[in-house]
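Working notes, beginning with the structure itself.
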Amino acid sequence: MASICGRMALRAAARQNVTYAPVRFCKMMNDPLEHATGIEKRELLAKAAGNENPFDMKVFKRGAGTKENPNLIPSAFDARIVGCICEEDQTYVQWMWLQKGNQKRCECGHWFKLVEKAAV
């Protein structure tokens, strides 16, 4: 009987020292910009500055694409792979490499030229 009373007293004492904080009092995570590093931080800073396409990954609408007035493709590198959908109902993309300083003609007849762009 004494051992049972002793165990109950120990359990009661142990419960009094343990406290739990409800979840609603926890702090929310800070701004992701504070936690980001490297290329992710540069991307978030560019988007905050108003550049929604910092890596030029969005689709460009093809222009006239003549040899005198080619479609200009921005790149921070010496070469870039470009896809051309030659016909409106075409189900595949015609891929080609563009080199800096050279114009390239697609199979459909449109011309493309790589232009320099500052890196992010």
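In case you wondered, yes, glycine gets a Cβ from its N, Cα and C as well.
Going by TrEMBL, these are the annotated features:
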BINDING   C84, C86, C106, C108  Zn(2+) binding site
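A 10 Å cutoff on Cβ-Cβ distances gives C86 (Zn(2+) binding site) a total of 14 other Cβ atoms nearby, all chains included. Close to C108 (Zn(2+) binding site) in the fold, though at least 6 residues off in sequence, lie C84, C86, E87, Q94, each with a CB less than 8 Å from its CB. Long-range Cβ proximity for C106 (Zn(2+) binding site), meaning a same-chain Cβ under 8 A and a gap of 6 or more residues, is found for G65, C84, C86, Q94, M96, F112. Residue density at C84 (Zn(2+) binding site): 18 other Cβ atoms are found within 10 A of its Cβ, drawing on all protein chains shown.
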